[in-house]
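**Q** Below: one structure in structure tokens.
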Amino acid sequence: MTNTGILAPSSQQSEPEWWTKTQKFFSRENTITPTFGYFRLLFGTQPGKTDIALIVIGTIAGIGAGIPFPLLGILFGELVDDLNSSTCSTTQAPPGGYQAAITTKVLQVIYASILNFVCMYIHTGCWSMVGERLVRRLRTKYFHSLLRQEIAFTDTLPSGDVTSRLVSDIEVIQAGTSEKVGLFIGTISYFVAAYIVAFLKVATIAAMLMSVVPIYFLMAFGGGHYIKKYSSRISTHINAATSIVSSSLSHMSIVHAFNANARLEALFAQHLVSARMDALKKAITHSIQFGMLYFVAYASNALAFWQGSRMIADLAEGKPSKVSVGAVYTVIFVLLDASFVLSQMAPFMHIFASAASAGDRLMTTIKRQSAIDGTSSEGDSTISLASEEIELQDVTFNYPARPEVPVLQGVSFKIPPNKHTAIVGTSGSGKSTVVALLERLYDPITGCVRVGNRDLKEINVRHLRGSIGLVQQEPNLLDRSILENIAHGLVSSSQEKHKHLLPILLGPSLSELTEKIRQGASEDEAVAEQGDVVREIVNLARHAATLSNAIDFINALPDGLATRVGSSGAELSGGQKQRIALARALIRDPPVLLLDEATAALDSTSERLIQAALTKVSENVTTVSIAHRLATAKDADNIIVMQKGKVMEQGTHMDLVARDGVYAGMVRLQNIGKFSSSSSIMTESTQVDVNIDRSLTTDTLLNKEEKLSLEQGVLDEKEKPAQLYMPEEADSLPTEPEAKKEKPKQTLWATMRGSFPLIRPNLLLISLGLITSIMIGVSYTGEAVIFGHTVGSLSVCRGGPSIRSSGMLFGLLFFILAVAKFAAVIVNGAAFGWAAEKTLYRTRVLSLRSLLRQPLEWHNADGRTPGLLVALVTSDASALSSLTGTTIGVLFSTVANLFAGVILSHVIAWKIAVVLLATLPVLLASGVLRLRVMAQYQKKHQKAYAKATAITVETVDNIKSIAAFSLEQEAYSVFNRSLKAPYKSNMKSVLHGNFWLSLAYSISTLVYALAYWWGSQQILAGMYTQVQFFIVLPALLFSTQSCGQMFALVPDISKARIAASNIVDLLSIKHEGDEEYDKTGSKASAKHTDPRFNMLEDKPRDVEAQLTTTTPSSFPTKGMGVQFRNVHFRYPSRPNQPALDDLSINISPGQFCALVGPSGSGKSTTFALLEKFYNPASGSIIIDGVDITKQSGAAFRDTIALVPQENVMFEGTVAFNIGLGARPDVEATQEEIEEACRLANIHDTIAALPDGYNTVCSQDGKQFSGGQRQRLSIARALVRKPRLLLLDESTSALDVESEKHVQDALAKVARKTTIVAIAHRLNTIHRADRIFMIEGGKCVDQGTHAELVERCESYRANVIHQSLDA
């Protein structure tokens, strides 16, 4: 596909037509064979000339590396002829002229060894670079493709899919396109060269054996087809499981609050069980494929021995024959060795098939055509949106994730230029969808959106979005500095005055600037070093921050504009994030401004100031705002009222109120009232009130409160998600579960000991696998014995009948060996495959269990991000499981082969064996050095690309913001910069490691030379016979060749070693309640039983099926009493800044209380301490008379429910998500779930879905609107039947009608529940039993709504501001 957009290469070099056709051929999707799939992987990603040169050179060198060994067969054949021509006696020494021939042949072997080393180093180096360059190209193309895709595509993308593609699939592809390719080519070259030599020597035998070659390829490709099929199925299940892990680790506060870890773990286990069955089928298929290769190889040798013996017998009987004993020996020797080498292809075929399958999965996304490409240069880029009318004409729309659910139904209205149009309506009525269509994040199903007289589809997407300033309902910030986030608004600005800023915005200058400031440089000095353009950007950012009322809190931060906001803005409060997002929109000075609940997270005073600023800057701007607070919409020039995807009415505030229609009803529901001169409330809402407000002060107190909020740096827990991503520190601890300063590095012995409990349940399978591995290893020694006796029996001096009978006997023995090895390999593969999958299941479940049980403080530690912790459960667990799979099988068979060969050689001819054995330490040393180099490489590689993966995941998570501000090019630049340093470092490590790999392989040829020379010397001296020599020689040479294969597995062993250390570290962490029954469902059966490894079910229960256990009547019927006594607390990440300072409050059982105060005053921190996410530094928190700070465990949470401000959905059905709220020992029934949904006013919405309560929620519930997600969260809390209900802005995203329904439901619950609420909307708390005013971490006032209005000016000012009648 030709890319003409902003992310296309700056220059395109013309390519030859033949190369273009080659690329197109291998890129064809209808090519189904694994071979073409693999070539499609190599050539379908537009490799450059350097890549082609590396492939060509690596292929030639690989071919060259395979040629020397078959030539040795000719030398050995000549030796046999020399021996046979000298004497027919096996004890008589050859003549003295034999010494000169030995010296010549030894030198030839040494030359072959040097040639082999050079060729091997070249081909391993070339292919390693090919693999490194290929995965880098795939990373960039995959990331680029994700940036190009329309939002509808990412909406339907499984949440764990991106991580899986960039971690698991990339690792598989790199393993299948690196040095192993060169080794594979060398093997094929070896095989072909061996047959060429065989045909030159004895064409008849060679032709017979050639007939079995198609069987090799049939098994290789047929097995590859099924392996690919099962790999695809496994990937589907693993992606779903990864999604659960990712969403769980991203929302640990919810997991802890509801003790949901057991249910999430069970759902995770279900997906693993499904994947395990396909993985077992894949392992059996692979073992059959591998076993057939061995069977064919050994059976062909049996045929060769039998036919060769007949030819030699004819020669011995004087019949005409051009065949010599040496020629037959050469054919048997080279084809025997070729068969051995070919049998080593099976593991490579498995790796290549997996790589091709992974490549196809990536290429599916890479080649996908985007319906709305924000990077394309197509469309009109000259049209101006200033002073143009915007019109929706009969628009219908439904989201791709829910195509059966209509969102907009024939919507038509006009947005006049340079006017303020407000859109109000019920939750889920389509308001935010209208904004998405105006931004062209989606296209209408029917109808059109027009700007002036142009259809929106005719305008260049980037130009359109660059003319619009968007503030979303849930503001998303990228993990950069505040300065960079605000400056993102300039990247695609349509204003000509901003064009010259683009090179700086896309480069590293701003990142370098903020890094210098964080390291201690003053802002003025750092800006001066960067130049005038950077200074201009900083000034623009400051001006925008001033307009959005953010400048005061920014200046109060230690690093100011250079402060990193964390992942998704986690280091900032909700109100602060919203103000930064508003500054990002205003900095581009757009002709169109879209505000989707732009001030929903702000206190009343801040909202009023921002509204005034917006009024000023939007004098000549077309403004479209969405609001649930009608007070922010009443001054609009036109108000559009929507319900159920239709426009119900429109007009000015006064007109709509006068009509007494839908809008007037909303006004009556939301109006708090107006005040008389005596400050008494004239009217009150009839609603039942459940939430709170962050009441800020009047203008005179605003700066004071900003100081309280920001100079102290206090973050409410709701404003600070559990996971903080800190890229500058991430590399220091990518996956280790304990900080380095706390946890020393695991020794090898400690790692092995810690891993044993994971493997112990599978010891029977592993033992069976080890026994068959030993049988496979020893079979090579048996082959050497048969081979040696065969060579001795083919002497013409023995007579024809004897030769024929010996040939028949040893041919039969070889066939028996073929059958035995075939059976052993199948049993071996099945046993190790099943053991590996069971170990993988156990490791992943236990790893997730341990992660979900860690406290929030642990998750908040530096370097622990959800993306990096996911790797512990996915790639690390997979790497560890390989130690109970094929890797350990090959390792043990190699060791068995080595020991059996050494022992047999010493028994048969110890003088020859002892000299050859002396070379073994050299061989092993080269392998150990390779292991050390590769271990260091794997660790560096794992760290290096973690940041690039995190950037990609963050981009997908924030794709709507990326698209809305056309940040594709900026994100692409940051991503590419993150790849440069790791790429250079990895290339050096690869080239260094391949030196030792080549040496480990090539040194075996020198062993050939030494064996040839020393063995001949012993034969000359009459110490040993030819039979003894030809038993010892292949026995030891097969052993050394096996060692070479073992060293090829070094990278896998290295990965497993690192992974095992990481997982053992994780599982070694002790948790509160390990000695007791814990909420994950594991219970120690004895005092000495480690509860971490208990009760792992192979068939987990179906957590989607809701079962009745405990009846509601068994629950307590009164609320909890809560007391805070002189509580002091500081967040671990900010130990010098108090969050709570001597807080004391008292909440009686059954009361409805509210916490009110400025942003960052400590309100949500009280919720975090009530849930025991953290422990206070001092003071007491008493629930029902028990001080929870002095109690172990968190059983008290069983009767507490939390509704967070940021509503979280997990991968699973709607019923599952709501059922997560049930108490740990209870499964909510379907009736209870539906009742909770009715109370939350969401039942009808769910019932209208095609799958109803079985509708699958994607991570974060992207297919639901913000209000719908909030109602689902409320239902989840209500199904718990809590005694204490914590509501953190629980109705902020609801329309007034839904809010009334919810509050009516909460009024029923309040009779036997204590409710504590935080809210901005004062109309939701004015009937609270007690309202606590929190400022600076203290309770500065308390009372009823009326009492606070009378004596607290700031509270009264907020009431006035929120009143529509004011």
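For all residues, glycine too, the Cβ spot is worked out from N, Cα and C.
Sequence annotations record features per position, and here Swiss-Prot assigns ATP binding site to 425-432, 1157-1164 based on sequence analysis. Look at Swiss-Prot and you will find 56-354 tagged as domain 'ABC transmembrane type-1 1'. The domain 'ABC transporter 1' annotation in Swiss-Prot covers 390-669 and rests on sequence analysis. The domain 'ABC transmembrane type-1 2' annotation in Swiss-Prot covers 768-1055. Here Swiss-Prot flags 1122-1361 as domain 'ABC transporter 2'. Here Swiss-Prot flags N84, N620, N976 as N-linked glycosylation site. Positions annotated as region 'Disordered' by Swiss-Prot: 727-746. Per Swiss-Prot, the feature transmembrane segment maps to 52-72, 106-126, 180-200, 202-222, 288-308, 323-343, 768-788, 807-827, 868-888, 898-918, 995-1015, 1019-1039; the stated evidence is sequence analysis.
Provide an account of the burial state, proximal residues and distances for the features listed.
**A** In the shown protein chains, 30 other C-beta atoms lie within 10 A of the C-beta of G1157 (ATP binding site).
The average pLDDT the prediction assigns to the domain 'ABC transporter 1' (390-669) is 86.
Under DSSP, N620 (N-linked glycosylation site) is assigned to coil, being neither helix nor strand in the three-state scheme.
Counting every protein chain shown, the number of other Cβ atoms lying within 10 Å of the Cβ of N976 (N-linked glycosylation site) is 15.
Sequence-distant contacts of the transmembrane segment (106-126) (same chain, six or more residues past either end, CB-CB distance under 8 Å): 54-55, 57-59, 61-62, 64-65, 68-69, 71-72, 75, 179, 182-183, 185-186, 990-991, 994-995, 997-999, 1001-1003, 1005-1006, 1008-1009, 1012-1013.
Below 8 angstroms of C-beta separation, residues 58-59, 61-67, 69-71, 73-74, 119-120, 123-124, 126-127, 130-131, 206-207, 209-210, 213, 330-331, 334-335, 337-338, 341-342, 344-345, 348, 351-352, 1001, 1048 of the same chain, each at least six residues beyond the ends of the transmembrane segment (180-200), sit close to that stretch.
Proximity of distant same-chain residues to the transmembrane segment (202-222), defined by a Cβ-Cβ separation under 8 Å and at least 6 residues beyond the stretch ends, is recorded for 33-35, 195, 289, 292-293, 296, 299-300, 303-304, 307-308, 311, 323, 327-328, 330-332, 335, 342, 345-346, 349.
Through the fold, the transmembrane segment (288-308) approaches residues 202, 204-205, 208-209, 212, 215-216, 219-220, 222-223, 227, 328, 331-332, 335-336, 339-340, 342-343, 345-347, 349-350, 783, 790, 794, 807-808, 810-815, 817-819, 821-826, 829 of its own chain, all at least 6 residues removed from its boundaries and within a Cβ separation under 8 Å.
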**Q** Using a Cβ distance cut-off of under 8 Å, indicate which of 52-72, 768-788, 898-918 has the most pairs with the transmembrane segment (995-1015).
**A** 898-918
**Q** Measure from the Cβ of S429 (ATP binding site) and count the other Cβ atoms within 10 Å, all protein chains considered.
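**A** Its Cβ shell of radius 10 Å holds 24 other Cβ atoms.
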**Q** What does DSSP say about K1163 (ATP binding site): helix, strand or coil?
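**A** Once the DSSP labels are grouped into three classes, K1163 (ATP binding site) ends up as helix.
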**Q** Tell me the Cβ neighbour count for S427 (ATP binding site), meaning other Cβ atoms within 10 Å of its Cβ, over all protein chains shown.
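**A** Result for S427 (ATP binding site): 26 other Cβ atoms within 10 Å.
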**Q** Work out how many Å separate S427 (ATP binding site) and N976 (N-linked glycosylation site) at their Cα atoms, rounded off.
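**A** Given the Cα positions, S427 (ATP binding site) is 41 Å from N976 (N-linked glycosylation site).
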**Q** When you measure from the Cβ of S1161 (ATP binding site), how many other Cβ atoms are you left with inside 10 Å?
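**A** The answer is 28.
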**Q** C-alpha of S1161 (ATP binding site) to C-alpha of N620 (N-linked glycosylation site): distance in Å?
**A** 37
**Q** Give the distance between the Cα atoms of S429 (ATP binding site) and N976 (N-linked glycosylation site), rounded to the nearest whole Å.
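**A** Between the alpha carbons of S429 (ATP binding site) and N976 (N-linked glycosylation site) there are 41 Å.
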**Q** Quick one: pull the CA-CA distance for N976 (N-linked glycosylation site) versus S1159 (ATP binding site), whole Å only.
**A** 38
**Q** Give me the CA-CA distance between G1157 (ATP binding site) and N620 (N-linked glycosylation site), in Å, as a whole number.
**A** 36
**Q** Tell me the Cβ neighbour count for N620 (N-linked glycosylation site), meaning other Cβ atoms within 10 Å of its Cβ, over all protein chains shown.
**A** 10
**Q** Going by DSSP, is K431 (ATP binding site) sitting in a helix, a strand, or coil?
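**A** Reduced to three states, the DSSP call for K431 (ATP binding site) is helix.
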